[in-house]
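Annotated active site, nucleophile per TrEMBL: GLU105, in sequence order. Taken from TrEMBL, the feature active site, proton donor covers GLU109. Annotation source TrEMBL lists domain 'GH16' at 19-219. Annotation comment: TrEMBL describes ASN113 as N-linked glycosylation site. According to TrEMBL, the feature signal peptide maps to 1-20.
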Amino acid sequence: MALKDDFLFIFSCMLAISLSSSILGRPATFLEDFGITWSDSHIKQIDGGRAIQLILDQNSGCGFASKRKYLFGHISMKIKLISGDSAGTVTAFYMNSDTNTIRDELDFEFLGNRTGQPYTVQTNIYTHGKGDREQRVNLWFDPAADFHTYTIMWNHHHIVFYVDEVPIRVYKNNEAINILYPKLQPMGVYSTLWEADDWATRGGLEKIDWSKAPFLAYYKDFDIEGCAVPGPTSCASNPRNWWEGTAYHALNAKEARRYRWVRLNHMIYDYCTDKSRYPVPPRECLAGI
Ligand SMILES: *[C@@H]1O[C@H](CO)[C@@H](O)[C@H](O)[C@H]1NC(C)=O
């Protein structure tokens, strides 16, 4: 009898542990946090919904969006970009407040290239409807050979775009000197795959080669850790959220070193130094990177 009780007790503990880890355990399945927004037929769930395949062909591209919006947080996913000839395609992963003329938006855009030529990652930041803050980095690895992690970290102190553990862009909160910082509008998480051969590759010189279609990108390990809205109103200002912790108020020494390395060796465009667009650099550029 006692043996049986012990067994039942242990068994129910194990059940409870496995249940709770399936609820709290990250990463989530695609449908837990996301839905398809554009062309059902061009997004396929694989691996029991833990990964998806995005398809671009001559009929359509596709897109998906988070079910909820978030106010601050750490959002990441693993992406394997289109392999081979991806010139003229754009795969995007971004956050957007969806508020038109006053929108806040944080963009990762992956610009395809001819076989053997480097993929370019363009980032942009909109604050209260104002964008035009493009930066471009050529990736130092082949992002189609394997999955890599792309992360947007957004807290009260800064916004950091990471490729794996490497920061490729930082936008600091410089409200103290009256530079706009996104902090009032919750943002959804979005992704799209589409054709943009009028501008994407070498400024539109390289056209998409439809004989190589369908173009396929893969996503997995969807990980959103943030304050969902609607949700507890105290969440977005709670200093105990890990992404608000002191360790995340600025880059640490190792990250700062890697960020310098990217800027020195892999950055191919920075709006801050584009004199033809901005004879006088925008103020956030002078406020330090
Ligand atoms: C594509 O490759 C060319 C040649 O290496 C390079 O100049 C360019 O930055 C790459 N990326 C895009 C999106 O054109």
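Just so you know, glycine gets a Cβ as well, placed from its N, Cα and C.
What you are looking at is a predicted structure, and each value in this text was computed from that prediction instead of being measured.
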Coarse DSSP state, helix versus strand versus coil, of the residue listed as 'active site, proton donor': strand
Across the domain 'GH16' (19-219), average pLDDT on the 0 to 100 scale: 95
Recorded positions whose CB lies under 6 angstroms from ligand 1, from GLU105, GLU109, ASN113: ASN113
Nonlocal neighbours by CB distance (under 8 Å) for the residue listed as 'active site, proton donor', same chain, sequence gap 6 or more: VAL90, THR91, ALA92, TYR94, VAL121, GLN122, THR123, ASN124
Set of same-chain residues at least 6 away whose C-beta sits under 8 angstroms from ASN113 (N-linked glycosylation site): SER86, ALA87, TYR119, THR120, THR201, GLU206
Packing count at the residue listed as 'active site, nucleophile' (other Cβ atoms within 10 Å of its Cβ): 20
